[in-house]
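*Asks:* Below are the structure tokens for one structure; questions will follow.
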Amino acid sequence: MRSIKLHRLLDLVGIIPSLDLIDKEINNISFNSKEVQKGTLFLGMPGLNVDGGKYCIEAIENGAEAAIIGSAAKQKIGSIDRERILVIEDNLDYIFGQIVSEFWNRPSRKLKLIGVTGTNGKTTITFLLEYLLKKLGKKTALFGTLFNRWPGFSEVASHTTDFADKLQKKLNAAVDAESEFAILEVSSHSIAQNRISGCEFEAAIFTNLTQDHLDYHSDMESYFQTKRKLFFPPYLKDKDGISVLNHDDLWISKLSSDLEKRSSLVSTKITKSEFKNDGFFYVTDKQFTESGSTCIFHTPKEKIKLFVPLVGEFNLMNAIQAITILYKLNFSLKDLSKLIQSFPGAPGRMEKIEIDNNDVSRSLPIVIIDYAHTPDGLKKVLQSIKKLCKGKLITVFGCGGDRDRSKRPLMGSIAEEFSDHVFITSDNPRSEEPQQIVNDILMGIEKREKITFDIDRFKAINESIKFANKEDIVLIAGKGHEDYQILNDKVINFDDRKIAQKLLQEKSKSK
């Protein structure tokens, strides 16, 4: 069990404890007063809706040795035990991350920590990095949207990026399991809320930046400024930190000049002759098929033929960013190009639904599940599928409730532009009226004759598969790997992949 003197943690924030507290042993840290037990230091984290500091008295009653809260929480509570409930003025979330990291003995310093941020592509890239590193014989931990896992342990993730108390504890567990590398999906929320405070990154990837989370960030500039923080101290190491940037993205290209020579730029659009930079990685001779893409991948020193078993140019970009960062970490390009050929992909990312009877499946439409839930994500997926589709392209999608409303008509317009028919339905409506979300999407659509809408997602998927014929492709977008639907305060079982597979199986029996 981890144990540390309380005064060592308080020294980080300049708090001098009372004589009664100075030698107290702390064996746990928590942001949750209900998880507190004897030996715990409770940190009252301010939240979007509730200030966790208000629960400090409950935490002490539950056995916490001490609690640290902000001055705002103190004003609301009034009288407190000043010896055991300690108050700091500001920057709580950053300070709390440092305290937790110190408690767990700075685990990121014992790992080669790679962060992946961006609007789209994070999960595919982190899965690919984990896959390649494990194939290269490296013990690797993965933290992200789908799973948190390391040698001997795996759990379903509750957040894309955990809060600092959980994250640092899990990083320490990965160290204890002798992990050498850790791959971390880094959301914009986690940067803004300092969940990654205390993490020191060996390397970082910026995938792309397109409209999302504008219900949280005031505008795209604010969204960008939040993301860019990952690429500078105290997060990315100052001198030796490696950054890989998608040069084809206009927002990200702004960042390269700030990073000077420490960044590697990656492009699927332009070639070396158009760009002079010793850290430039690019592709030529691109070809795209139903099974993936091939290209010649160029580094500043060598080139190699590459097959990426993922559909679409956006996935080619994902792949070469992953390969570039491992190449910069001194792995062999030849080994990487060989190993990527067998990468199975990430769940719910351009995932083709298979049924048992292969002979019958040839007479059925292709059904693809993808997590695309932003305008740019949906556009790139549809553009990639459109190039390969021999028949009709049929799209099923919705937009999440209690989230950025401005993207709804944009996604409606994109679905209409690239699809032959669109089924608009529900996608985690949460507390919003599902029909109102559909109406918002319809605001972006001109030709209503191409549109069918049904707020019942099962019915929409069922009708889309019935509607589709051989050589058609049905894209079911928005939920990807998710196995639930959020309706008001209820969470019900709902898995696009299982439902689509069952409906395809039923359709096959009628053939």
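Every residue number used here counts from 1 along the chain in the order it is shown.
Every residue gets a Cβ built from N, Cα and C, even glycine.
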*Asks:* Between 159-162, 427-430, 495-498, which stretch does Swiss-Prot give the note motif 'Meso-diaminopimelate recognition motif'?
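*Replies:* From Swiss-Prot, the annotated motif 'Meso-diaminopimelate recognition motif' range turns out to be 427-430.
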*Asks:* Name the one residue among Arg403, Arg405, Arg448 that Swiss-Prot lists for the same meso-2,6-diaminopimelate site as Asp427, Asn428, Pro429, Arg430, Gly478, Glu482.
*Replies:* Arg403
*Asks:* Report the nearest neighbour of Arg403 (meso-2,6-diaminopimelate binding site) in space among the recorded positions Asn120, Lys122, Lys227, comparing Cα positions.
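*Replies:* Minimum Cα distance from Arg403 (meso-2,6-diaminopimelate binding site) across Asn120, Lys122, Lys227 lands on Asn120.
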*Asks:* Cα-Cα separation of Pro429 (meso-2,6-diaminopimelate binding site) and Lys122 (ATP binding site), in Å?
*Replies:* 24
*Asks:* Using the alpha carbons only, what distance in Å do you get between Lys122 (ATP binding site) and Lys227 (N6-carboxylysine) once rounded?
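*Replies:* Lys122 (ATP binding site) to Lys227 (N6-carboxylysine), Cα-Cα distance: 13 Å.
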*Asks:* How many other Cβ atoms sit within 10 Å of the Cβ of Asp427 (meso-2,6-diaminopimelate binding site)?
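*Replies:* So the number of other Cβ atoms within 10 Å of Asp427 (meso-2,6-diaminopimelate binding site) is 24.
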*Asks:* In the structure shown, with every protein chain counted, which of the binding-site residues Lys122, Arg403, Arg430 has the densest set of Cβ atoms within 10 angstroms of its Cβ?
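*Replies:* Within the set of binding-site residues, the most crowded position is Lys122.
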*Asks:* Treating G and I as helix alongside H, and B as strand alongside E, what does DSSP give for the motif 'Meso-diaminopimelate recognition motif' (427-430) in helix, strand and coil?
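*Replies:* Secondary-structure composition of the motif 'Meso-diaminopimelate recognition motif' (427-430): 0 helix, 1 strand, 3 coil.
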*Asks:* Using the alpha carbons only, what distance in Å do you get between Asn120 (ATP binding site) and Glu482 (meso-2,6-diaminopimelate binding site) once rounded?
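*Replies:* Each residue's Cα considered, Asn120 (ATP binding site) and Glu482 (meso-2,6-diaminopimelate binding site) end up 16 Å apart.
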